[in-house]
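Copied over from TrEMBL:
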type    : residues                               : note
BINDING : A:Cys533, A:Cys536, A:Cys573, A:Cys576 : Zn(2+) 1 binding site
BINDING : A:Cys542, A:Cys545, A:Cys560, A:Cys563 : Zn(2+) 2 binding site
DOMAIN  : A:294-460                              : domain 'Helicase ATP-binding'
DOMAIN  : A:568-722                              : domain 'Helicase C-terminal'
Amino acid sequence: MIARVIVDVPSRQTDRPFDYEVPLALEGWVEAGSRVGVPFGGRVLQGFVVGVIPSEASEVDMSKIKPIAELLDPLPPLRPDLIELASWLSVKYCCTMIAALQAMLPAALKGKAERTVRLSESFEEQEPEAAAAVLLPDGLREWLRRSGPVKLDTLRERFPDAGAYVKAAIRIGLLEEQVAIRDKVSIRKVQTVIPPVDREGAAEALAAWPARAGKQRDVLAFMLDAEGPVPLQKLLADTGTTGSTVKALVDKGWLTMREVEASRDPYAGRTFQRTEPLPLTEGQQEVLKWIVASIDAREPKPYLLHGVTGSGKTEVYLQAIQRCLDQGLQAIVLVPEISLTPQMVERFKGRFGDAVAVLHSRLSTGERYDEWRKIRERRAQVAVGARSAIFAPFESIGLMIIDEEHESSYKQEESPKYHARDVAIMRAKQHGATVVLGSATPSLESFAAATAVRPSGNNGAGGGAPLLLAMPDRVAGRPMPPVTVVDMREELQGGNRSMFSRTLYAGLADRLERGEQSVLLLNRRGYSTFVMCRSCGYTAACPHCDISLTYHQKTRVLRCHYCGHSENAPSACPSCESEHIRFFGTGTQKVEEELAKLFPGIRVIRMDVDTTTEKGSHEKLLKQFGERKADVLLGTQMVAKGLDFPYVTLVGVVAADTSLHLPDFRSAERTFQLLTQVAGRAGRHELPGEVVVQSYAPEHYAIQTAQHHDYDAFVREELAHRRAMGYPPYCRLILVTMSHEQLPLLTEVGDRFAQRLRDAALAAGVYGRVDGTSGPRALDVLGPVASPIARMKDRYRFQCMIKYRGNVDATALLRETIRPFMEGSEGRGVQFGIDVDPHMIL
DNA sequence: AGCACGCCGACT
DNA sequence: GTCGGCGTGCTC
């Protein structure tokens, strides 16, 4: 048999299956989805089997075909549907197959070759002369004799000069070399102790136990009470002994030890209060009815659930999932990374217990792998996680929920640059599953699709337009909090030069007096600290990238976000030697100082990049705030999402329009979403809430509509703008980024590439302007222009924007045009990056 | 991506 | 005259 293998080489030239012979010993074990080690161009690599065919069906010359070196997992990590999904991903997002496959699997399964050497056992005796000719340095041979197989890397570390000897020794067979794929983490093994088989005998022995071996007696007594194997760690902890005591009992034959597989459970030791389904409001019932009917019908159907903040979407999710489980189907819940807090996990674990696997980036590689295996081995039926959990290897999915559907974290910014929403809709087709996109502020793309305003001829994931479901009311009839918009220009004219308007100041003072809490949002992107000289205007920039360096207060180091370059912070300006060099803070620091000045003794928790880099710090800060250990929670975007504290009665937005005027067509949408989300943090419980929004452009529709909690009005305005400007959802975009070390070469290749693309579009009869008034089918190529970050890692960057609408297979056109640039001499080393449906235009 | 094979500069 | 620079080209 021949296995068709995708090898782990992230290059377009190797982006196709290679044929390998399945050794007789592995026949029946190697199947589509298996992970294998294969020889490839003089080394051993990891690869994924995407198909197994009879030997005669291979089109490769027999003499070229090598055998598979090893099989890496007993159970293939990939299911057939995931292989199919990977092909779809690689086509839709123009990425390599290996990148698509790897995106679906936990990092633990990215094994690398490890080379080991060991002394040949018989060689020295049989060929003493040859052995003598390769006099391995003193100590090296002795070391090898003692330690058995040794990692080549380790050997190089300890004997840096031994290279030539080792090579010669391998050549004549004195040393044997072995190459195997080694995973980043392995399946965790735990020692367990097994109770005595002869319980009566043990009991008798115990009765007559010598007094001096008291510890052994305790251990044996403990084990007699045990019903089954006891983990060694637990036994030691419970009896207060050490390993030697147990070992003595093992040696005497009373106990035996065994190694068993174990999971690293990130929630070990935590018990989750079992919760029962809550009674639903009429609105919730109506929505649930639709979803349940859809799950039962097992037809792939997407729903857009537009529910205002506090309308009880999560309870609907929980009951829909229950329906799935009752039907023997599995469910996936996606939550934005930032809101995947312990409270969120608790709601799912509380309802479904051990059937829940949790997948998020804060887990260690090993923990993630174990949670993933719970799914693969059918020990879990519900996956709750961030973006990549959409690839959970379930067998038959009934429901996929994407909560806070509008969140940009569902778009992956590295290759493959997929959007979890599109993947969900594709998987739904494969499984006959229902998709629920939930949000208080649905993305314009989803809303437009659900209301049939979309570019004609959807060539995306397809699956039909989502049906719009609405939950316009908060549970228990709680009102939306009133929003006051303060015109900061008037404040300034009125003589108030502080960053707080009189309204916000009064609000804060009032909460302090009443012992209630406030949330302050500083809506600011690119909130990192940077260094500037106040005398000459010098700013510290990365020598490899066109970007300012970020100042890290703790280590007093300047670091580049893009390439990792770091240097010590200067004490004087490197340009003019002035000492007026300043570290400009995040803005939140400034607000914090101002608060301390205005309200002496105020307790502030600041949440921004500086205070949340440490693991778990995010949760710790929120916990403190929840315990009312602070009066004000001050932060960036991250305070807007999913928080629910009963004593928060005031939400202030310090400067609402800082995100409004970014050169990005989504800036109004982002601003509206942020304001609406943050406003939803107030008055979620008995105490009524209030929101104060400070702005220099209070008349802007994004702010006006957010003030009135009027999503529909916002969408109307925004859609009109998008139509006029010819932006999504009235067209689709593909961003092509090109980079090279040499600028002239890059501009030349870039221009030619754009021209080729226009020619191709012209030949296909679709070339034309794309805006609100253009015809039903058109594709336009804008640029190339210098990227907003014009240089990164010593490479210049240019980009082209492809805009198209209607039934145009733009990715196919792009792939065909790009091929000669990638493979042939035409590209001349220019690197191409493709982002389909980009989110970051900047 | 690596590693090999292949043509032109600074060394024993 | 050789060692080695990294420029193309292939990997089942």
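A Cβ is built for glycine as well, from the same backbone N, Cα and C atoms used for every other residue.
Note that the structure is a prediction, hence the values are computed from the model and not measured.
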State the mean pLDDT for the domain 'Helicase C-terminal' (A:568-722).
86
Restricting the comparison to the binding-site residues A:Cys536, A:Cys573, A:Cys576, which residue's C-alpha is spatially nearest the C-alpha of A:Cys542 (Zn(2+) 2 binding site)?
A:Cys573
Helix, strand or coil at A:Cys542 (Zn(2+) 2 binding site), per DSSP?
coil
Measuring Cα to Cα, tell me the gap between A:Cys560 (Zn(2+) 2 binding site) and A:Cys533 (Zn(2+) 1 binding site) in whole angstrom.
18
Would you mind ranking the binding-site residues A:Cys533, A:Cys536, A:Cys542, A:Cys545, A:Cys573 by how many other Cβ atoms sit within 10 Å of each Cβ and giving me the lowest?
A:Cys536
Candidates A:Cys560, A:Cys563, A:Cys576: member of the binding-site residues with the richest Cβ shell (10 Å):
A:Cys560
What does the structure give for the C-alpha distance between A:Cys576 (Zn(2+) 1 binding site) and A:Cys545 (Zn(2+) 2 binding site)? Integer Å is fine.
22
Cβ-centroid neighbours of Zn(2+) 2 site A:Cys542, A:Cys545, A:Cys560, A:Cys563, 8 Å, sequence order:
A:Pro543, A:His544, A:Ile547, A:Leu549, A:His561, A:Tyr562, A:Gly564, A:His565, A:Met792, A:Lys793
Env. residues of Zn(2+) 1 site, Cβ within 8 Å of mean position of A:Cys533, A:Cys536, A:Cys573, A:Cys576 Cβ:
A:Arg534, A:Ser535, A:Gly537, A:Tyr538, A:Pro574, A:Ser575, A:Glu577, A:Ser578, A:His580, A:Ile581
Distance [Cα-Cα, Å, rounded] between A:Cys563 (Zn(2+) 2 binding site) and A:Cys536 (Zn(2+) 1 binding site):
27
